[in-house]
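What follows is a short report on a single structure.
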Amino acid sequence: MASNRFQNLQNWTNKHVFSNSLDYWNQELNEVPSYQNQPQTGESGSNPPPHDRLEPIQESVVSEQPQKDDINKQEEAKDDGHGEASEPISALQAAWNVTNAIQGMFIVGLPIAVKVGGWWSIGAMVGVAYVCYWTGVLLIECLYENGVKKRKTYREIADFYKPGFGKWVLAAQLTELLSTCIIYLVLAADLLQSCFPSVDKAGWMMITSASLLTCSFLDDLQIVSRLSFFNAISHLIVNLIMVLYCLSFVSQWSFSTITFSLNINTLPTIVGMVVFGYTSHIFLPNLEGNMKNPAQFNVMLKWSHIAAAVFKVVFGMLGFLTFGELTQEEISNSLPNQSFKILVNLILVVKALLSYPLPFYAAVQLLKNNLFLGYPQTPFTSCYSPDKSLREWAVTLRIILVLFTLFVALSVPYLVELMGLVGNITGTMLSFIWPALFHLYIKEKTLNNFEKRFDQGIIIMGCSVCISGVYFSSMELLRAINSADS
């Protein structure tokens, strides 16, 4: 009964909501290649692509059911929301990608983590890096059986563990990506309000979101890559500025200000914030698959996480030792000189604006690959018209997605609490619990007792961090909301 209702709803939406009637061309055109998969110049459009590449989805009115092999190919086409590279990448390039993911915008909040958690926060920065490195290794091991690659994505690993479990992984990935977009809005608004307090935070969020509506039209990974490149440049500039500024006050530092005192109410939020900053597992399978020499993956991942841990510890300590009790949620807001603060904050705002398109694009691709490739492969019709342009309703849905991130940001405009809550939910699942759980299930027959205990230990630790973190982070968020209302 429920399946019939879903089928009726699906048919109705395909006919009336995601309708081809918006197109003015002849809808009887068959075998039109999709927007994302045009053949290269000189290639024959009749030759099918290899089975492990994303296949064109044909716009067709033919009503016959697809063959089982075709459905399997469509399943293989779905990835983690990140497009494949046009050519294999080196270990150094892979390390750069991982470093960008875990050394991102949110390091500006590390000094406040040291202020709140002291040496416990510093220990978390090192410990979480260690665990995330090992769970990344475990996740990649789940792709192989007897040295042969059997699976390609995080979702395929989850579905092998339990059919249908991959949907939970996709939901966590989507939550992680959209949460990242939301936090960029909160961060940009915080920085702008500190520079120009005549406009409140909500106003700056709306202004920032208006400029980000153009992301709704992004459909070229090359453009997203260029934006990410400029984002990396701005990241290096602002980090260099802040490190040099902090080093100029080295004579005033006092390491005794970093305490061992433990506040059980705030520490789980800080740990979640640290976990959120190390989450890169959603694209590790794709990254490993695109390396020229996948055997170098473990070494690459190890040194990437070592570098990240060292930099995060140093940056967090430098910021707190320089500003002490005056340390703000964003380190640049701690700067005493207003003109200098405006300069640094504006660079950070540009970085936030350049950072938003990548997770947004990945979220859009995730939704497209699982909902909008075309019926019957996915529940709804394709986002693209036969002339390879994006349909009007698809653009509208993307605009709604941008507005959704704005709505959530307006509802919970609290940077540290939001990062902590997201890290304790999706971060612990994607980076702690699931990789160890899947590895224990898939490799159980080949693991020795120590390796089994190691996986079980990570699962127990991840569950403990998740449960306690969600509770205390939620309490911290509620306190922040109540404090703002009073």
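Quick reminder: no glycine exception, Cβ is built from N, Cα and C everywhere.
Taken from Swiss-Prot, the feature compositional bias 'Polar residues' covers 29-46.
Taken from Swiss-Prot, the feature compositional bias 'Basic and acidic residues' covers 66-85.
Annotated region 'Disordered' per Swiss-Prot: 29-85, in sequence order.
If you look up Swiss-Prot, you'll see 1-93 (among others) marked as topological domain 'Cytoplasmic', on the strength of sequence analysis.
Residues or ranges marked as topological domain 'Cytoplasmic' in Swiss-Prot (evidence: sequence analysis): 141-167 (among others). Looking just at the topological domain 'Cytoplasmic' (141-167), the mean pLDDT is 92.
Residues 100, 354-355, 357-358 of the same chain sit 6 or more residues outside the topological domain 'Cytoplasmic' (225-228) yet have a Cβ under 8 Å from a Cβ within it. Per Swiss-Prot, the feature topological domain 'Cytoplasmic' maps to 225-228 (among others); the stated evidence is sequence analysis.
Across the topological domain 'Cytoplasmic' (285-305), DSSP helix (H, G, I), strand (E, B) and coil residues number 17 helix, 1 strand, 3 coil. Look at Swiss-Prot and you will find 285-305 (among others) tagged as topological domain 'Cytoplasmic', backed by sequence analysis.
As annotated by Swiss-Prot, topological domain 'Cytoplasmic' applies to 363-398 (among others), with the evidence given as sequence analysis.
Summarising the annotation, Swiss-Prot assigns topological domain 'Cytoplasmic' to 443-457 (among others) and lists sequence analysis as the type of evidence. With DSSP classes pooled into helix, strand and coil, the tally for the topological domain 'Cytoplasmic' (443-457) is 12 helix, 0 strand, 3 coil.
If one looks beyond the transmembrane segment (94-114) by at least 6 residues along the same chain, the residues whose Cβ comes under 8 Å of a Cβ in the stretch are 121-122, 124-125, 132, 183-184, 187, 228, 232, 235, 239, 258, 270, 273-274, 276-280, 283-284, 287-288, 290-291, 297, 300-301, 303-305, 307-308, 311-312, 315-320, 323, 327-332, 334, 348, 351-352, 355, 415-416, 419. Summarising the annotation, Swiss-Prot assigns transmembrane segment to 94-114 (among others) and lists sequence analysis as the type of evidence.
What Swiss-Prot records for 120-140 (among others) is transmembrane segment, and it gives sequence analysis as the kind of evidence. With a cut-off of 8 Å between Cβ atoms, the residues of this chain six or more beyond the transmembrane segment (120-140) that come close are 102, 110, 113-114, 154, 157, 258, 260, 262, 267, 270-271, 274-275, 278-281, 284-285, 288, 297-298, 301-302, 305-306, 308-309, 312-313, 316-317, 431-432, 435-436, 438-439, 454-455, 458, 461.
Here the transmembrane segment (168-188) has long-range neighbours at 80-81, 105-106, 108, 154-155, 158, 204-205, 208-209, 212, 279, 282, 330, 348-349, 352-353, 355-356, 359-360, 362-363, 366-367, 370, 401, 404-406, 408-409, 412-415, 418-419, 422, 425-427, 429-430, 434, meaning same-chain residues at least 6 beyond its ends whose C-beta is under 8 angstroms from one of its own. As annotated by Swiss-Prot, transmembrane segment applies to 168-188 (among others).
Feature annotation from Swiss-Prot assigns transmembrane segment to 204-224 (among others); the stated evidence is sequence analysis.
According to Swiss-Prot, the transmembrane segment annotation covers 229-249 (among others), on the basis of sequence analysis.
The transmembrane segment annotation in Swiss-Prot covers 264-284 (among others).
Look at Swiss-Prot and you will find 306-326 (among others) tagged as transmembrane segment, backed by sequence analysis.
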Range from 229-249, 264-284, 306-326, 399-419 with most C-beta pairs under 8 A to the transmembrane segment (458-478): 264-284
Region pair the transmembrane segment (399-419) / the transmembrane segment (264-284), three or more CB pairs under 8 Å: yes
Number of helical, extended and coil residues in the topological domain 'Cytoplasmic' (141-167), per DSSP: 11 helix, 4 strand, 12 coil
Same-chain residues near the transmembrane segment (229-249), Cβ under 8 Å, at least 6 residues beyond its ends: 100, 103-105, 107, 315, 318-319, 321-322, 331-332, 335, 344, 347-348, 350-351, 354-355, 358
Tally of residues which DSSP labels helix, strand or coil - the topological domain 'Cytoplasmic' (363-398): 16 helix, 2 strand, 18 coil
The topological domain 'Cytoplasmic' (225-228): DSSP-derived helix, strand, coil residue counts: 4 helix, 0 strand, 0 coil
Listed stretch, out of 204-224, 264-284, 422-442, that has the most CB pairs under 8 angstroms to the transmembrane segment (342-362): 204-224
